[in-house]
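Just below is one structure, and these are the notes that go with it.
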Amino acid sequence: MPIISVYRRFWIEMKNRLENSRNYLFWTPALLLIITGGLFAYYHLLIATHSYQAITPVSFLDNVAIPFDWVQMGPISFPILVDNFLIFQEFKSLPSPFNHEEAFNFSLLSWLMISIMLSLVSDFKKLFFLLFGVIWIVGLTLSNLNGLNIGGPSSNFALIIAIVATLLGPVFFHIRGGSEKFALRLLINLILVGLGGYLLIDFSTISVPAFYLQEHLLIPISLLAVSWLLWNGHGIISGIYILVARANRQLQLKVSIQILVIGLIYLLFLGNTLLSFRETPFELIPTFNPLLLIFPLGVLGWFALDIKTKSELQLIASTFTLKALYLLGFGLVLWLVWRLDSSGNQPGKELIKHLLIYSQIGFSLFFLIYLFSNFLSIMDSGKAIDKIIFKPFSLPYYHLRIGGMIAMLVATAFTEGIIGVQANALSSQILGDYYYRSEQKLEASIIYENAWSRYRNNPKAKNTLAQLLFELNQPTLAKQHLEESFSEAPQVDNIILLADRLHRENKIFESIFYLETGLRYFPSNEQLKNNLALFYTKTNRTSDAMALLEDTNEEVSKSNFAALSIKSGNLENETGNLSPTPQLINELARQNALGNYPEEALIEKLRKKLQDERNPMLIQSAWRNIFSIKDFNQPDEELAMLDSLWNQSEMADYIMALQETAVIRSLAAGRVTDAVKNLNGLAFRNPGDAGYFLHLSGSILAQQADFSKASRELIAAEEKGFQAFGQHHWIILTLGGYAEKALELREKYQIEVPAFMLKPSLSMKTYLQTLQKIHELLPAEAFQQWAKLAEGELKGDLAVRLLAYKAHGLTQQQLESLGKSIQQNRGESLALQTFISNPDLKNAEAAKALLESLELGDELTGNPYLSPLIWSAVSIEPDPLIAYELLNSATEFNRDPILWIKKVQLARELGLSNYAADALQKMEDWISPQDLEMLQLSNF
């Protein structure tokens, strides 16, 4: 019979009941209880299979040097490197969550379900009501309520309160004959049970008694669930038989053969699952999680119950009561499965699994025997035999129940009575959860240790025990427990925790051993693979690490694979379908490392992610990678944003990184002054990283052809620990006038002298000599040196530099010569032609054309070495004091003679004669007396 048909019949039957019953207001919430319980239970069984585990990816940073810019001055070529961030994610095993909300909600639901049950059982016949009362008192006794210590340690007052609160209502209504309406009974029981719970909590002297009661409610609820499973023992096979019999009515088909085949197949699967409890199943027959049977058991069992209630039998209660209890038990079992799984109570889950399989095997087997021994002669007649299978309700059916119980005992013996151990561990786990939630760590660790020692299949107990021992400063004992778990009952979270703790103790090879061995137990576990790959990289086994992560669909592993590829220099591995923030950050670093301008869509996607991102590490890393791109747009808003970030308390660990990012953003906008000054400030405030910052500052100054200042920065960088010196550093030091230091570094770091410096041509000598002093030369003198060069790349390159550094002191004819050379080597430029046609730097349009020809933004004063632009800003500025400040700022870096003499003239105009005299005295260091006199006589 197709399963869809089974469920359709069930819901049609239920709908008819809802339409015809006077108790519509009861059936609707009953179905709601079942549906919601089923959704939660099956979500945990099929999707969130290890919800107790707190294995989470934790991000950490690494960096990769990317070519932010490339310096090309004739034969001198080197990158300006800045750090981009890579995000690696390592899985960590954290302490299990407390689940306060789930426990509280389940306790409220338990209060409701127990109250409903107590309202229904008062309708039982006398003998059965007394039997229920005895069983209920036993269940409360087993619930260990005396641990609330009301009136003294382990006194019976708590048990007495619970018995009175739960049985007073049912006894009263039973004595009255059950004539009161169900709604009234339910209201009274809700009040009595709720009052009993309040008294238990209020009178208790233990720590957080509400937690104790919430946890220990699992015991009576578990007993009720087991009762429902036993009551419904043959529910699946009897329900299938009823449906098959109805489907074959009037057809006179072999119902006996159909039910026999179905029954045997079902028993075969159950039997193999029973064998799997002993780890000896037949490989050809699949096994399954027995808890998945609960929903079909409840659905199919309904048909058997319906037949019983229509068979005019002497039942223990009314039809309404029995069906209400059935639906209540159905929902209760589903919600219990959810609660056991969400709290990580594996012994409880295993107990339900075992009892479910035992009862299904025992009662299903004897139901088939009952069926064939009593109804075989009429089974294939085509008549409505499904209506009489429980008639007469006498000795044969009781034999079925007795036989089923005997079969359950046989199954229990076959599994060596493991259900007793599971029940004991269930109780211990409940107590351990109370201590854990109430933060009584020592007591919790003792109870969890006891629970695991009794029943090994209890992963939460062992992991939480180790976590608690670490918190209690007992790392040696904690590791012993983790090693015990590894040898006797391996579990992923414990392997991750053990490897992590060993790594903290610098025992990385031991960490690798446990992770490698763990992968033999769990070969497809992405968490173990990911962590092992990260440890491989720390032992220079990058290829092994990438092989582990190469073929994966897991997001964290894909992100780490991309980061490892970038770190190892393999920049061609693109990552598709980027979504998580770490992946976007790593991909942006990859594109930056390639020297590309990243795709705009990638940057926009990452910016949108940052709007909702709360992880400070990811936020600062993302902004670093975003801003490591040349962007001449005004950076003020972005710099203000970075400033606001490092003023936030959660960003305290990343202040230096954010300040470095601000430097990079300033540099991207062409603000050389701000970048160099802030780098020196960072070097001063962070001596441990001073070498890196000073080297970066030196590279920026060398790009501007200020080799003298660049050399001093490099020398200071070496003193602070920088050692990655190469050929271009030797060139910078040589051109900067520090030949002795250059020789020292050459010998120390075995630097090879470039060929063009060993035997330079005449043009090369002229080029290098001009470049070496380009900022100190008068524009006319620099032009004369340029004119000596032969046509070629060197002349074209120097022409660009003269335009950028000396255009403010050249004639239009000289500028035309420069422009012709530039366009011959680099192609035509409309902006350059516009500037040369009207090189009046007092004109804003001319200044804009010069900026455009140099491929810069719209700031005139960001770069102090671009003397024509500084000159333009000063010329346009009407306020002489502001103009003087502009010149003063620029001349801190730039030794351009015209800017300095203009500074002298403005100082005199402002009455600052001392400053003027001081500036003239400094100019004598690089300007001859004749040139200095000529400059003073000139009117700028």
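Including glycine, each Cβ sits where the backbone N, Cα and C put it.
Note that TrEMBL annotation is computational and uncurated.
As recorded in TrEMBL, the features of this protein are as follows:
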TRANSMEM  24-43  transmembrane segment
TRANSMEM  103-120  transmembrane segment
TRANSMEM  127-145  transmembrane segment
TRANSMEM  157-175  transmembrane segment
TRANSMEM  182-201  transmembrane segment
TRANSMEM  221-243  transmembrane segment
TRANSMEM  255-275  transmembrane segment
TRANSMEM  287-305  transmembrane segment
TRANSMEM  317-337  transmembrane segment
TRANSMEM  357-379  transmembrane segment
TRANSMEM  400-421  transmembrane segment
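Long-range contacts of the transmembrane segment (400-421) within its own chain (CB-CB distance under 8 A, at least 6 residues past either end) are made by residues 233-234, 274, 277-278, 347, 350-351, 354-355, 357-359, 361-363, 365-367, 369-370, 454-455. Panel annotation: around the transmembrane segment (157-175), residues 114, 118-119, 121-124, 126, 129, 133, 136-137, 140-141, 143, 145-151, 185, 188-189, 192-193, 195-197, 199-200, 203-204 of the same chain, lying at least six beyond its termini, place a Cβ under 8 Å from a Cβ of the stretch. For the transmembrane segment (24-43), the partner stretch with the highest count of Cβ pairs under 8 angstroms, out of 127-145, 182-201, 221-243, 255-275, 317-337, is 317-337. Tertiary neighbourhood of the transmembrane segment (127-145): same-chain residues 121, 158-159, 162-163, 166-167, 170-171, 174, 200, 213, 216-217, 219-220, 223-224, 227, 316-317, 427, 431, selected by CB-CB distance under 8 Å and a gap of 6+ residues from either end.
Counting Cβ pairs closer than 8 Å and at least 6 residues apart in sequence, the transmembrane segment (255-275) and the transmembrane segment (317-337) reach fewer than three and form no contact. Residues 17, 21, 23, 26-27, 30-31, 33-34, 37-38, 40-41, 44-45, 106, 109, 113, 116-117, 120-121, 123-125, 128, 218, 221-222, 224-225, 227-229, 231-232, 291, 294-295, 298, 301-302, 305-306, 308-309, 349, 352 of the same chain, all 6+ positions outside the transmembrane segment (317-337), place their C-beta atoms under 8 angstroms from a C-beta of that stretch.
Sequence-distant contacts of the transmembrane segment (357-379) (same chain, at least 6 residues past either end, Cβ-Cβ under 8 Å): 229-230, 233-234, 236-238, 241, 245, 255-256, 259-260, 263, 266-267, 270-271, 273-274, 277, 290, 293, 297, 385, 388-389, 396-397, 399-401, 403-408, 410-412, 419. Outside the transmembrane segment (221-243), and at least 6 residues removed from its termini, the chain residues within Cβ reach (under 8 Å) are 1, 5-6, 9, 110, 113-114, 117, 135, 139, 142, 259, 262-263, 266, 293, 296-304, 307, 326, 329-330, 332-333, 336, 339, 348, 351-352, 355-356, 359-360, 362-364, 366-368, 371, 386, 389, 400, 404, 426.
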